[in-house]
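This is the structure I have questions about; it appears just below.
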Amino acid sequence: MDLLLGIIQGLTEFLPVSSSGHLTLLSHLLKTDLNAYQTAVLHLGTLVSVVLFAFDGIRRSLRSWRIILNLIVSTIPAGVFGVLFEKQIDQLFSSPRFLPLFFSVTALILMFTRYSSSGEKRMENMSFLDALLVGIAQLFALFPGISRSGITVSSLLFMKYRGEDALQYSFLMSIPVVLGAGILGLEKGNITILAPIFAFLSGLFALYVLSRSVRSGKIWQFSYYCLFVAILSYLVG
């Protein structure tokens, strides 16, 4: 079970298909109880993979005070919302009832990137307003079925940022949110150490695939898969 959870978490955390949605669906299919805290523990494995994968870019980015301040602004919406509605969010992980809706939202967002022209805005020059807007987008990824990487990268592409910068900023945004949730999950979850390890290994592969799809402008292709999972979750829900 830990092997399966870890692999699914690693692959779906960075591919824009929602890891939390997949884990909620798997929990329903296997009749197991997987809550938001246990999911957060799995995130710690993928957190290590993103730090290693993008280490040089992260190190360069964090030399800029503007980027650091923007990251703080981007983190606030999800952090505040997660604390205020902690119990309600956790309840969403106990049932697949809303998965068809949330997976469909992810599919729609990804599909729109196909018709969004490429931009030239750089992460180093991001305004506080843009940082806040992408932070608001990220808070919706607290709902299982809405992809964090999908909604943050897509939002930045819609705001005319370069694909590379959208990807890099999405990576940076994930660190404080995932770290905070993971630490909380360590206290309340009961996932063994094997699951995060498998999540780390499969996460590295997923990061490579995501990077190639964003750079080639083909992230929208994942919308078909999200639509398929939306239909599947409706049929089994």
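Residue numbering: from 1, along the chain as shown.
Cβ atoms here come from the backbone N, Cα and C positions, even for glycine.
Per Swiss-Prot, the features are:
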TRANSMEM  38-58  transmembrane segment
TRANSMEM  65-85  transmembrane segment
TRANSMEM  92-112  transmembrane segment
TRANSMEM  126-146  transmembrane segment
TRANSMEM  166-186  transmembrane segment
TRANSMEM  191-211  transmembrane segment
TRANSMEM  217-237  transmembrane segment
Would you mind listing the long-range same-chain contacts of the transmembrane segment (217-237), meaning Cβ under 8 Å and 6+ residues beyond its ends?
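Those are 15-18, 21-22, 25, 28-29, 95-97, 99-101, 103-104, 106-114, 118, 145, 147, 150, 153-154, 157, 163, 210, in sequence order.
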Under 8 Å, at least three CB pairs between the transmembrane segment (38-58) and the transmembrane segment (126-146) (pairs 6 or more apart)?
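No, these stretches are not in contact.
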If you count Cβ pairs under 8 Å, which stretch among 65-85, 126-146, 191-211 touches the transmembrane segment (92-112) the most?
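Result: 126-146.
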